[in-house]
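Asker: Before anything else, here's the structure in question.
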Amino acid sequence: MQIFKPASGHTHSTVQKSVVNKLNFYYGGYQALKNIDMMVYEKQVTALIGPSGCGKSTFLRCFNRMHDLYPRNHYEGEIILHPDNANILSPEVDPIEVRMRISMVFQKPNPFPKSIFENVAYGLRIRGVKRRSILEERVENALRNAALWEEVKDRLGDLAFNLSGGQQQRLCIARALATDPEILLFDEPTSALDPIATASIEELISDLRNKVTILIVTHNMQQAARVSDYTAYMYMGELIEFGATDTIFIKPKNKQTEDYITGRFG
């Protein structure tokens, strides 16, 4: 039974960008993720869905080592990042280096108390880019990729807080894109936005899939169906089902997945 119309017009890729092997994650003594195996495909959008507290955001934050900020958290298993086959969860891998390769956009817009230009240039400066001409080129390119350039090109010196909520979120996306990440993580990026701004962000995500691999956490199943190529359904820290979005939404293999998607459970 077809409940939602999945995204169309984009070719599914089976080129692996990342492989998750037997991933377990613990908040102190509490196990939040249980033995997860999953593929992440290159230049595709993968949506993570499931009820509140199922582990979606916890899983997402493993990819850029956000959990390292709290000392009692710990991982087991691997997240392999191609093409160099590096296990990014290894203690020998610097989490700062991981975050240079894997950027994140959060639930609520979080611009820095700086100008529009300096918000986007911030990560570039940290990475050692100093020449003004290069900064200007990279900032413009990031703002164009975030579909924001035409709206802000004449006021790059204005404070980012003067932008609307939707513009601030696109600015955060531009900031994440400026350092050319290999993977872009979205944690419910439209939950704090109105329907018009939400539609703009969804269109942007669809456009970005041609440039970068994307993982998105969303509680909105219609959104997952609209923007994603692959979908993972999670429940109580376990990955219940993973596959092409059209398969998950039209003909899921697992009864629990079907019950969640059709609203009988969740």
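Each Cβ is built from the backbone N, Cα and C atoms, and glycine gets one as well.
Pulled the feature table from Swiss-Prot, pasting it below:
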- 15-261: domain 'ABC transporter' (DOMAIN)
- Gly50, Pro51, Ser52, Gly53, Cys54, Gly55, Lys56, Ser57: ATP binding site (BINDING)
Asker: Neighbour count, 10 Å Cβ-Cβ cut-off, for Gly55 (ATP binding site): what number do you get?
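Answerer: For Gly55 (ATP binding site), the 10 Å Cβ neighbour count is 22.
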Asker: Neighbour count, 10 Å Cβ-Cβ cut-off, for Gly50 (ATP binding site): what number do you get?
Answerer: 24
Asker: Tally every other Cβ atom lying within 10 Å of the Cβ atom of Ser52 (ATP binding site).
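Answerer: Other Cβ atoms within 10 Å of Ser52 (ATP binding site): 8.
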